[in-house]
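Summarising the annotation, TrEMBL assigns domain 'Isopropylmalate dehydrogenase-like' to 4-353. According to TrEMBL, the NAD(+) binding site annotation covers 76-89, 282-294. If you look up TrEMBL, you'll see 96, 106, 134, 224 marked as substrate binding site. According to TrEMBL, the site 'Important for catalysis' annotation covers 141, 192. Annotation source TrEMBL lists Mg(2+) binding site at 224, 248, 252.
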Ligand SMILES: NC(=O)C1=CN([C@@H]2O[C@H](COP(=O)(O)OP(=O)(O)OC[C@H]3O[C@@H](n4cnc5c(N)ncnc54)[C@H](O)[C@@H]3O)[C@@H](O)[C@H]2O)C=CC1
Ligand SMILES: CC(C)CC(=O)C(=O)O
Ligand SMILES: [Mg+2]
């Protein structure tokens, strides 16, 4: 059966890294007969330049019609303005909310070959395998009212609203409890319940739901402490669940424990398991066009896509093994380079993963 995969390269390094994941998918399609039908559409700045809007109707329609989506990254100084890319109904946030992709899974796994590239000492990170479950279509990124207004005294004021409804909290908590059930039975919920009522409700609901998951040990942590604990003793965590903004920030911090944000893939899932897959990083304008971006987070996101949305577990395993094999060979893009390894560019890394697929 044909499986439609929509590629959304986006901006900056987006097209460079998606091209490498596309190579890998095409190679597997040819050798394994996966039945993938790949197509490409514009989103973000590329779409603004082509058609004036960051999320064209035909891109959203193609995303809705696809079985799965692989996105590179969007944005850049040219387009990061309120009118163009930032508003929730537009661009990437519009895509996430339009497809109701509320469950964002961000696994932070340290490949043993990269222990030397982690920001932490090898003994603190060896064997690290954390899953951050981030709520993706609510919270302060979407809450209304929002904007910039002029007060009576003439001063301007920016404002956003941090809201979560009970149903939004319950559905993301369910994702996290179920993930913890399948893993080590440990779930840490991260909030700011000492200050924000919205997270007092979050905490209350998590406690209530914990009764239905007696085999999961639920703990709570304030987000400031969680940030500190992540860089102090990250292996105390197994599954972490948190809201949109805290998850955004904590997952970038967790990325560095694995050596680079260029190593962190993600899955954004709806209630039925349909998903968009993307690296956790952005469009990296500082290195765009230089052919040095790490494509592995995107290639690993493609593996997650095959596993979670397309039921192609063997093909997903092959990609993950191939990534490990190229790291064994000592190949490194500059972000994960350390002495004694071989520095390669984006395309060389992608080619090496393709070559390792059937090794
Ligand atoms: N999912 C998305 O599409 C996201 C988009 N953005 C957008 O990306 C643009 C740049 O944002 P930044 O804050 O600079 O974050 P960023 O994640 O793009 O870059 C942060 C740093 O990490 C490096 N980096 C990122 N990905 C890398 C890779 N694959 N290989 C090697 N190095 C890598 C960059 O060179 C930069 O030094 C902005 O327009 C932002 O809004 C940011 C985060 C996520
Ligand atoms: C639009 C931003 C929330 C993108 C981002 O930083 C992320 O998803 O990690
Ligand atoms: Mg982010």
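Placement of Cβ uses the backbone N, Cα and C atoms for every residue, glycine included.
Counting only the Cα atoms, the space from residue 284 (NAD(+) binding site) to residue 106 (substrate binding site) is about 19 angstrom.
Of all Cα pairs drawn from 96, 106, 134, 224, which the record names as binding substrate, the longest spans 27 Å. Screening the recorded positions 106, 134, 141, 224 for a C-beta under 6 A from any atom of ligand 3 leaves none.
When the recorded positions 106, 141, 224, 248, 288 are checked against ligand 1, none has a Cβ within less than 6 Å of one of its atoms. With a cut-off of under 6 Å between the Cβ and any atom of ligand 2, the binding-site residues 76, 224, 248, 252, 284 reduce to 248. Sequence-distant neighbours of residue 192 (site 'Important for catalysis'): residues of the same chain at least 6 apart with a C-beta under 8 Å from its C-beta are 199, 222, 223, 224, 246.
With residue 80 (NAD(+) binding site) as the anchor, the candidate recorded positions are 96, 106, 134, 141, 252, and the one with the nearest CA is 141.
The two recorded residues, residue 248 (Mg(2+) binding site) and residue 141 (site 'Important for catalysis'), show a Cα separation of 10 Å. Using the Cβ center of 224, 248, 252 for Mg(2+), the list of other same-chain residues with Cβ within 8 Å runs, in sequence order, 223, 227, 245, 246, 247, 249, 250, 251, 253. The candidate set comprises the binding-site residues 96, 106, 134. Of these, 134 has the most other Cβ atoms within 10 Å. Cβ neighbour count for residue 252 (Mg(2+) binding site): 15 (other Cβ atoms within 10 Å of its Cβ, all protein chains included). A distance of 24 Å separates the Cα atom of residue 288 (NAD(+) binding site) from that of residue 96 (substrate binding site). Separating the Cα atoms of residue 76 (NAD(+) binding site) and residue 141 (site 'Important for catalysis') is a whole-number distance of 18 Å.
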